[in-house]
Structure formats: structure tokens, C-alpha cells
Amino acid sequence: MTQDDIDTGSVTNQATAVGTPPTGDDVEDQSGTDIANDDATVIELCQNPDIAIVKTGVFNDVDGNQCADAGIDTITYTFTVTNEGNVSLSNILVTDPLLSAPNPVVNIVFQSGDTDGDGELDVTETWIYTATSYTITQDDIDTGSVTNQATAVGTPPTGDDVEDQSGTDIANDDA
């Protein structure tokens, strides 16, 4: 069985039996699901799509005063997206409301991880995205921290999209 079989959701197989009688031509028959037919055997395979995202942030003390300053200091975010399921995922999308309007827009950029270059988040594959230079606001300073979550979405070969909210590690969704 291959990953393509799992992504397809089934394995189809058919055997051919050939026999040589004592006299006459060879006889043959293809296997079937019943003695009266030659239908190929189809084995359905379980598909379990799953995606996980972990978001981390690093404070950038741009002015070097070891204190957060609105409009000056920044945070660089790293998003680690992993395929935790048994099927390949396509159309991977990472979103973060903190980095979108009405806040200043910061692009989330794919960095690495598509090891075979097929544009699919393969089983056990991990992709890394970054968002550089989220500029700290006065509201962030007044609150005393910057807390929010990102979301990763992927499309399995069949069925509905899967999604996960970021957490502090792969096992949780804590902001």
C-alpha cells in the first residue's frame, strides 16, 4: 500500500489465473467479487486528515532599551504547521487576526518544509511560516502582553477542510 492509495481512499486489485489443460489452448480467468463476475476487488481505506499549528513569537528590542516601546519595537512570529493525519493536504492557509486589518497588515510568508516540492503538506511533513515586524502598539503595552491565536487550514483529497488553532505546543490550543 502506498501514500497515493491512502490519498485515493482505496486499493483496487485484480488477479488473472492461467492454466494449461492436458490438451487444447490455455484457459484464463480474471478474479472477481463473485464467481459469476470479473469485477475488480476494491478495499476501502480509512482517511484521517488532521493538521496542527504552533505559533511562537520573539520580541525584537529595536531601540535596545530592554522595554517595549509602541511604534518602535516589533515581534517576529513563527508558525509551524504539521500534517498529523494519514492523507496529504493541499491549499494550506495560515491566518492570524492580529496580522490583518484593521491592525497593520503583516504578511505571513512560507519559509521551508515542502521537502519534495509537490505543494502538498505530506503526512508527517512540517512547514514553517514567518511574519516579521509586527509593530507593538500602545494597547499591547497597556495590556501588558500580546496574546492571540493563528489558524491553519488544509484540504484533504476527499471530505471537508481540516483546521487547527495555534497553541503553545502541538498538543494544545492555548494562546
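Backbone N, Cα and C atoms are what each Cβ position is placed from, and that goes for glycine too.
Per TrEMBL, these features apply:
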DOMAIN    1-29  domain 'DUF7507'
REGION    1-33  region 'Disordered'
COMPBIAS  8-17  compositional bias 'Polar residues'
DOMAIN    48-164  domain 'DUF7507'
REGION    147-175  region 'Disordered'
COMPBIAS  160-175  compositional bias 'Acidic residues'
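Helix first, then strand, then coil: DSSP counts for the compositional bias 'Acidic residues' (160-175) stand at 0 helix, 5 strand, 11 coil. Looking at the domain 'DUF7507' (48-164) alone, the prediction's average pLDDT is 95.
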